[in-house]
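Some features that Swiss-Prot has for this protein:
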BINDING   T11, T12, T260, G302, G403  ATP binding site
BINDING   T11, K15, T260, G302, G403, N407  ADP binding site
BINDING   T11, R79, E80, Y129, D238  sn-glycerol 3-phosphate binding site
BINDING   R79, E80, Y129, D238, Q239  glycerol binding site
Amino acid sequence: MSVVISIDVGTTRVKVIAFSKNGKIVAISDREVSQIYPEPGWVEQDPLELWEAVRKSLSEVIQQVGLKEINSIGITNQRETVILWDKETGRPVYNAILWQDLRTEDICRKLSEYSEYIKENTGLLLHPYFSASKVNWIIENVNGVKKDIERGKVIFGTVDTWILWNLTGGKVHKTEPSNASRTLLFNIKRLEYDDELLKIFRIPKNILPEVNESSSLFGYTDKSITGVEIPITGILGDQQASLFAHGIRELEEVKNTYGTGLFLMLLTGSKPIIPERLLGTVAWVINGKVNYAIEGSVLTGGACIKWLMDRLKLIKQAADTEYLAKSISSNEGVYFVPAFSGLGAPYWDASARGIIIGITGRTRIEHIARAALEAIAYQTRDVIEEMEKETGVKIKILKADGGASQNNFLMQFQADILGIPVERPRHVELTALGAAGIAGIYSGMWKSKEEFIEDTREVELTFSPEMKKEERELYYSKWKDAVKRAMKWSML
């Protein structure tokens, strides 16, 4: 049986999965990866730990399926995270600075005069979330990096580039548009790096990876790692990968990945839309054809459940929240705004901070757990309403994936608060499957995206709205009030 191997490098886990042509998982190996919090608002990872997790998991999957069965490899990854490394030694010059890291707020504030140019050409906002200011921080703050860049020793990449470089034994330094378009350095209209943006962020062009099409031959694995050379034929950022696997119809359907954050995407076609409070981005490029998307990125989604579990010790496992939420009939006025790293779309307030409001003497763990799940659904509605404003099109269905999509209370409440159906696919590993699809189309496993979707997509459950409109709007208006209380908090 021929398989495509997908390498999925997330924020908290690395997964390597072998998929058959019908999308079934033939083999899987995964490892948890740790985060480092050196200071408040800073989030890092050890790039060598990421690579080691990939290397070990890939080795285990290859042992399970056998080298002869492997058609190709695809890569998907957490986006915006930056790594700079010495291309001679392969050693990172600093830890990976993660997407949710806020240390570059001041850098972004000082560059505010360029925000219009940045928005118009990248589709993104001038915000610490994206890669460019993080790269600038490393260049300006880590000893010796500037000189080593001048000597041509140091190169930059997002996580996909770092994994690709290591897989190929340091031979290939490339990326693709779905990742490049998240750096604030890439012009999404011209599909190339923008010299003006490089000047704004003081980043030399010679450290940047070459940009391939998303579905193309990036290179071959080094024999010392995989035993034989295996073609690497597809790369997509994690959210674009899940969008690809959902088979979303343009402008009618939205996908939401319920992960550490919440990532909503709407496919918009062959011309870029530059939205006001959301993000315009590249979905993928296949056979010379570019597809664009609008994205709403919510910084804290499932992470608020992890916080209840790891920091407050209120629950033992994430699944406990479903039972707790269902055990009470309402939130009793308790709202939780989980602005741990500020607020992302559509507010983009880096100075917002988390609050739990409406607490009384009757408030119990059940109310806090329910408020956390409801916050995920409210933030999703915030983004969908903004998408509808930008496009003038009413969204007909939400397609869900990610860990928290397995929570039935959340999915039902999501349908209720939106007033539209929420569809959950049978396949849990949508992000990894999307990377397999983009790779397998180039390597001949599937003839087209349409064939890939037909072979692999299967709906497990559809949640239909049951809540009355008046009740829905009352809940949501209270949420909006709570958000106002959380905004600008660190500036007060």
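Heads up, the Cβ atoms here are built off N, Cα and C, so glycines get one too.
Features recorded in Swiss-Prot, as mapped to the structure shown.
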| residue | record | DSSP (3 states) |
| --- | --- | --- |
| T11 | ATP binding site | coil |
| E80 | sn-glycerol 3-phosphate binding site | coil |
| Y129 | sn-glycerol 3-phosphate binding site | coil |
| Q239 | glycerol binding site | helix |
| T260 | ATP binding site | coil |
| G302 | ATP binding site | coil |
| G403 | ATP binding site | helix |
Original post:
Could you give the Cα-Cα distance between D238 (sn-glycerol 3-phosphate binding site) and T12 (ATP binding site), in whole Å?
Top reply: 13
Original post:
Which whole-number value in Å describes the distance between the Cα atoms of G403 (ATP binding site) and Y129 (sn-glycerol 3-phosphate binding site)?
Top reply: 22
**OP:** Measure from the CA atom of N407 (ADP binding site) to the CA atom of E80 (sn-glycerol 3-phosphate binding site) and give the result in Å, rounded to a whole number.
**Re:** 28
Subject >> Nearest-integer angstrom distance between the alpha carbons (Cα) of Q239 (glycerol binding site) and T11 (ATP binding site) >> reply: 13
Original post:
Looking at Cβ-Cβ distances, which residues of the chain lie under 8 angstroms from Y129 (sn-glycerol 3-phosphate binding site) while being 6 or more apart from it?
Top reply: E80, W99, Q100, S297, L299, G344
Subject >> CB contacts for K15 (ADP binding site) [other CB atoms within 10 A, all chains] >> reply: 21
Original post:
If one looks at the chain holding R79 (sn-glycerol 3-phosphate binding site), which residues at least 6 apart in sequence have a CB under 8 angstroms from its CB?
Top reply: W99, T158, V159, S178, N179, R182, G237, D238, Q239
Original post:
When you measure from the Cβ of G302 (ATP binding site), how many other Cβ atoms are you left with inside 10 Å?
Top reply: 25
**OP:** Identify, in sequence order, the residues in the chain of T260 (ATP binding site) that are 6 or more apart from it along the sequence and have a CB within less than 8 Å of its CB; answer 'none' if there are none.
**Re:** G10, T11, T12, Q100, T300, G301, G302, A303, K306
**OP:** Return the residues near N407 (ADP binding site), defined as same-chain residues 6+ apart in sequence whose C-beta is under 8 angstroms from its C-beta, sorted by sequence, else 'none'.
**Re:** A318, A319, T321, E322, L373
Original post:
Among T11, T12, Q239, all listed as binding-site residues, which has the most CB atoms within 10 Å of its CB?
Top reply: Q239
Original post:
If you draw a 10 Å sphere on the Cβ of E80 (sn-glycerol 3-phosphate binding site), how many other Cβ atoms land inside?
Top reply: 26
Original post:
Rounded to a whole number, what is the top Cα to Cα distance in Å among the residues the record ties to ATP, namely T11, T12, T260, G302, G403?
Top reply: 13
Original post:
If you count the C-beta atoms lying within 10 Å of each candidate's C-beta, which of the binding-site residues D238, G403 ends up with the smallest number?
Top reply: G403
